[in-house]
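As recorded in TrEMBL:
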- 87-111: transmembrane segment (TRANSMEM)
- 117-136: transmembrane segment (TRANSMEM)
- 148-166: transmembrane segment (TRANSMEM)
- 206-227: transmembrane segment (TRANSMEM)
- 239-257: transmembrane segment (TRANSMEM)
- 277-298: transmembrane segment (TRANSMEM)
- 319-334: transmembrane segment (TRANSMEM)
- 340-360: transmembrane segment (TRANSMEM)
- 381-401: transmembrane segment (TRANSMEM)
- 421-441: transmembrane segment (TRANSMEM)
- 453-473: transmembrane segment (TRANSMEM)
- 485-512: transmembrane segment (TRANSMEM)
Amino acid sequence: VLVESLLVFTVVLSVHAVVWDRFSWCAVALALQAFYVQFKWDRLLQLGGAVFQFRGAANSGLLPASMVIPLLGVVMKERCRAAGIVYFERFGIVVASTGMLLALFLSVLAVGITKPVPTNTCILTGIAGSVIIYTMKHSLTVSEVIEVLEVLLIFVYLSMILLYLLPRCFTPGEALLVLGGVSFVLNQLIKRSLNVVEGRGDPIDFFLLVAVVGVVLLGLFFTVLFIFMDSGTWISSMFFHMMTAVLGLGVIMPWLYRLIQRNPLFWLLQFLFQTQTRLYLLVYWTFLAASACGVVFYQNAKRSSESKKHQASTITRKYFHFIVVATYVPGLIYDRQLLYVAAVLCLAVFIFLEYVRYFRIKPFGQTLRHLLSLFLDERDSGPLILTHIYLLLGMSLPVWLFPRSCAPKGTLPGAGALVPYSGVLAVGVGDTIASVFGSTMGEIKWPGTKKTFEGTMTAIFAQIIAVALILIFDSNVNLNSSYAWILASVSLVSLLEAYTTQIDNLLLPLYLQIMLMA
């Protein structure tokens with residue numbers, strides 16, 4: 001935990017040294033108080049005193065999770081200020097303020113339920129909170145303050161509902177990241193739906209917002225419904241499919257139609273088959289998807305009847321990382337907009353299939369349970385299987401969060417040109433190589449962890465080679481001699497992979513994105 005915290009502090013101070021404004025100072029204050037509060041959360045988890053049931057075999061992860069959204073907002077603000085895009089500069093300020101307020105709320109919650117009351121931590125949290133609120137008071141307009149408070153309100157209610165319904169699926173830090181992100185997306189969708197201006201806004205952004213909110217609301221609806229009825233019967237399954245169609249065609253489609261001012265299905269078909277390059281990419285991705293399904297069926301066929309407790313090895317699970325890299329790299333080079341939309345569709349399909357598996361919806365629910373049980377690891381301790389969704393999110397978030405409006409000619413200068421590749425580098429290459437080489441050749445273990453020195457070093461080396469290959473094949477990437485910063489960023493994130501107990505598929509790409517954008 002101490003080494004993980006040191007690495008996060010290094011990232012925070014690196015961003016602070018580059019940006020050096022009131023919000024970067026607030027990020028430093030937030031990191032200091034989150035470091036102390038993290039130990040209170042860890043103690044609560046050990047003693048079973050937390051309000052909800054959180055994922056075991058991991059620390060609270062409050063510090064690394066608390067810094068992600070604020071730092072993303074800070075570096076986005078700085079990039080858009082340099083590009084002279086005032087609207088998105090203000091948006092970055094709102095993102096940073098929202099992240100800080102959500103993290104403070106989680107800290108106050110931990111301090112409030114800790115007995116006896118930790119006086120020193122209370123004082124530190126109060127000082128950090130005062131600094132952040134004072135900065136927000138002098139930086140945000142009234143409408144922006146209301147927007148931040150709306151996200152906080154959504155986060156509180158969403159946390160109470162989902163953490164109760166889904167025990168042992170998240171650590172406190174993962175809950176902050178996932179539910180904070182969903183709360184922000186929901187608030188943005190409501191805000192944009194109430195202020196629709198024809199011709200303003202990119203349809204693919206609206207597509208992301210509606211898809212995320214739609215699948216979350218679908219899950220909440222069926223979770224409440226199946227409290228009162230058995231989800232495993234044919235009648236319940238027919239009702240599930242019928243209501244999915246009704247909600248999709250009767251709520252989600254009209255909502256998207258209002259935002260993009262055209263028929264969503266016709267727009268999507270036109271978008272997907274607009275050019276010959278897109279057609280080739282779609283055929284190629286279909287082949288890779290079939291290959292991934294083939295791996296699942298093959299591994300299950302190998303599982304003999306007398307070894308039902310057999311689990312897939314680490315190397316076997318990393319096959320999917322290689323497939324994902326092969327999926328994303330051509331999309332990033334040839335058509336990022338298509339990759340953006342395809343990733344949104346894939347996320348919606350993944351979550352829908354997880355609903356089918358979780359609720360045991362006929363005819364595929366039980367089959368999915370059997371097929372996916374082979375690939376479970378210790379992080380899938382709750383009722384949901386989330387690791388494959390986290391992998392997709394880790395690869396997609398750098399593409400979705402890339403500030404296109406603040407990037408002249410579609411790319412950022414210097415190391416920022418690699419921002420869309422953050423998921424590929426951190427998870428697809430770094431995490432995969434570290435796991436494969438660490439588990440097969442590693443002998444020297446990092447103190448206090450199961451990860452090895454050899455795994456981390458080969459991960460750093462592999463990511464440097466990947467950057468060189470990106471320079472060769474992607475003509476839009478021009479690093480402008482920022483090689484030392486890239487090496488430092490890759491090394492920090494690789495060390496964080498060795499020491500964190502959080503979901504690395506989600507955390508590592510975001511930290512690499514923050515460093516590259518800074």
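Cβ coordinates are placed from backbone N, Cα and C, and glycine is handled just like the others.
Through the fold, the transmembrane segment (117-136) approaches residues 22-23, 25-26, 29-30, 32-33, 36-37, 40, 97, 100-101, 104, 107-108, 111, 145, 148 of its own chain, all at least 6 residues removed from its boundaries and within a Cβ separation under 8 Å. The stretch with the most CB contacts under 8 Å to the transmembrane segment (277-298), chosen from 87-111, 148-166, 206-227, 319-334, 453-473, is 319-334. Taking pairs at least six residues apart, the transmembrane segment (206-227) and the transmembrane segment (340-360) share three or more Cβ pairs below 8 Å and count as touching. Simply put, out of 87-111, 148-166, 340-360, 381-401, 453-473, 381-401 has the most Cβ pairs sitting under 8 Å from the transmembrane segment (319-334). When each of 148-166, 340-360, 381-401, 453-473, 485-512 is checked for Cβ pairs under 8 Å to the transmembrane segment (87-111), 148-166 comes out on top. Counting only same-chain residues 6+ beyond the ends of the transmembrane segment (453-473), those with a CB under 8 A from a CB of the stretch are 333, 418, 421, 424-426, 429-431, 433-435, 437-439, 441-446, 479, 486-487, 490-491, 494-495, 497-498. Residues 204, 207-208, 211-212, 214-215, 218-219, 222, 226, 231-232, 236, 240, 244, 268, 271-272, 282, 285, 331, 366, 368-369, 372, 383-386, 388-389, 392-393, 395-396, 399-400 of the same chain sit 6 or more residues outside the transmembrane segment (340-360) yet have a Cβ under 8 Å from a Cβ within it.
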